[in-house]
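Quick look at what TrEMBL annotates:
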- 233-244: compositional bias 'Polar residues' (COMPBIAS)
- 36-496: domain 'Major facilitator superfamily (MFS) profile' (DOMAIN)
- 214-263: region 'Disordered' (REGION)
- 32-54: transmembrane segment (TRANSMEM)
- 74-95: transmembrane segment (TRANSMEM)
- 102-121: transmembrane segment (TRANSMEM)
- 127-150: transmembrane segment (TRANSMEM)
- 315-335: transmembrane segment (TRANSMEM)
- 355-374: transmembrane segment (TRANSMEM)
- 381-399: transmembrane segment (TRANSMEM)
- 405-428: transmembrane segment (TRANSMEM)
- 440-460: transmembrane segment (TRANSMEM)
- 472-494: transmembrane segment (TRANSMEM)
Amino acid sequence: MYTSHEDIGYDFEDDPKDKKTLKPHPNIDGGWAWMMVLSSFFVHILIMGSQMALGVLNVEWLEEFHQSRGLTAWVSSLSMGITLIVGPFIGLFINTCGCRQTAIIGGLVNSLGWVLSAYAANVHYLFITFGVAAGLGSGMAYLPAVVMVGRYFQKRRALAQGLSTTGTGFGTFLMTVLLKYLCAEYGWRNAMLIQGAVSLNLCVCGALMRPLSPGRNPNDPGEKDLRVLPAHSTESVKSAGQQGRTEEKDGGPGNEETLGDLQAQECPDRAGHRKNMWALRILKTVSWLTMRVRKGFEDWYSGYFGTASLFTNRMFVAFIFWALFAYSSFVIPFIHLPEIVNLYNLSEQNDIFPLTSIIAIVHIFGKVILGVIADLPCISVWNVFLLANFTLVLSIFILPLMHTYAGLAVICALIGFSSGYFSLMPVVTEDLVGIEHLANAYGIIICANGISALLGPPFAGWIYDITQKYDFSFYICGLLYMIGILFLLIQPCIRIIEQSRRKYMDGAHV
């Protein structure tokens, strides 16, 4: 599961003035809003589920291209990392084109990446077609799914985001089984062609993302749409007025020939006027698009690059440092566990019930249970968050010591459950920066997660190429992860020391 946007709705298209008009809308927290949850649920299945099942294809690529594990792992990590890293930049497309168009284009690009990857002649070809193209398409389709859920829900936003993001766990389980079956029956190339066709369903999910128009009062004459009038209505009114005045002045029926001559003279004028009207419409359309692109770029730029004040918060900087190492510890097992199972000669047992599926299924329950525990009034969210992190680190350290399927299954279950802390990340981020900076701060956090997902699997493969073991890669990643957690713990202590020192200095001056 990607932590990038799973439990928070970004309001890239929202304006403070627009939020007031969205509240009375009948689809808020009901109606079509639940179709947004369904659409987002399937997006999580198709994107996050398939990415977490890439370990199956990683084994096939190793056998096909005979490249090092570090180099081959770059294919999967590029796809995962780019999906997260481009998240803030996809906001520019959302501000300009809207969520529906962005998601549909993303579905097409993602499907194209899968199909082109089926014709790969080497690993470097996969870097472009699958890592970059499919990853970019995934980011374009994934972010609008989270945005739309956030826009359609206010009171039940946490529930809606929680339900939609469970698609990650279900998708990991389903896509792992599907890719293993397709690779066994048709080969990995045909499996990618079929998966590319399946990914076209992202366009269907995007089509369901109906824009949420603000509610209007039909009885208010100030809100009526004047565009219902025909384009030539002004000319018709003028012509009717001229004819009416002519009839009144000349006495009516005796001047039919004069009226006919006037209408014949006006025909060329009307044709020229219509051409001018079409040209005016084109100019208005171009002007509107220019203004929309400019406004979208300004909102995007101010939202992500105008947040320098966030970096003055040392606790938030420590949180970014933690995010740089935390996510790789979750991604590495998904990519390298299928090969680890082969090295331990546990393929038959893993085929019956894959270890990655155990992580995915338990991960669903972990998100729900940890979220419920954190909501209890007598329990601190930070305590739950840190305890889950310590459990995940401990699991990463123990994983290399297990060489039986039962032992690996237990550790994978612990990894899946403890990684449920991802559902608490928006709450923790809000505690650090406040609600007004939550979206911008979370965008920075997901970029750090993307870098972690991008570098973690290749690093583990590189360590294996040197030592011929995956043990050291887990130990090193776990150690870096532990340093990130300790860095989080040290910051409150430093803050307390500084506050005490400041109070002492103020007392000394008095």
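Even glycines carry a Cβ here, placed using N, Cα and C.
Between the transmembrane segment (355-374) and the transmembrane segment (472-494) there are fewer than 3 Cβ pairs closer than 8 Å, counting only pairs 6 or more residues apart in sequence, which means the two stretches are not in contact.
The stretch with the most CB contacts under 8 Å to the transmembrane segment (315-335), chosen from 74-95, 102-121, 127-150, is 74-95. Packing against the transmembrane segment (102-121) from elsewhere in the chain are residues 43, 47, 90, 93-94, 129-130, 132-145, 189-190, 192-193, 195-197, 199-203, 205-207, 209: each is 6 or more residues past its ends and has a CB under 8 Å from a CB in it. Long-range contacts of the transmembrane segment (440-460) within its own chain (CB-CB distance under 8 A, at least 6 residues past either end) are made by residues 2-5, 8, 10, 70-71, 73-74, 76-78, 80-85, 87-88, 91, 303-304, 307, 310, 316, 319-320, 323-329, 331-332, 335-336, 425-426, 429, 432-433, 470, 473-474, 476-477.
Each residue in the domain 'Major facilitator superfamily (MFS) profile' (36-496) has a pLDDT score, and their mean in this model is 79.
For the transmembrane segment (381-399), the list of distant contacts is 326, 329-330, 333, 366, 370, 373-374, 408, 411, 414-415, 417-421, 424-425, 427-428, 431, 474-475, 477-478, 481-482, 485, 488-489: same-chain residues at least six beyond its ends, Cβ to Cβ under 8 Å.
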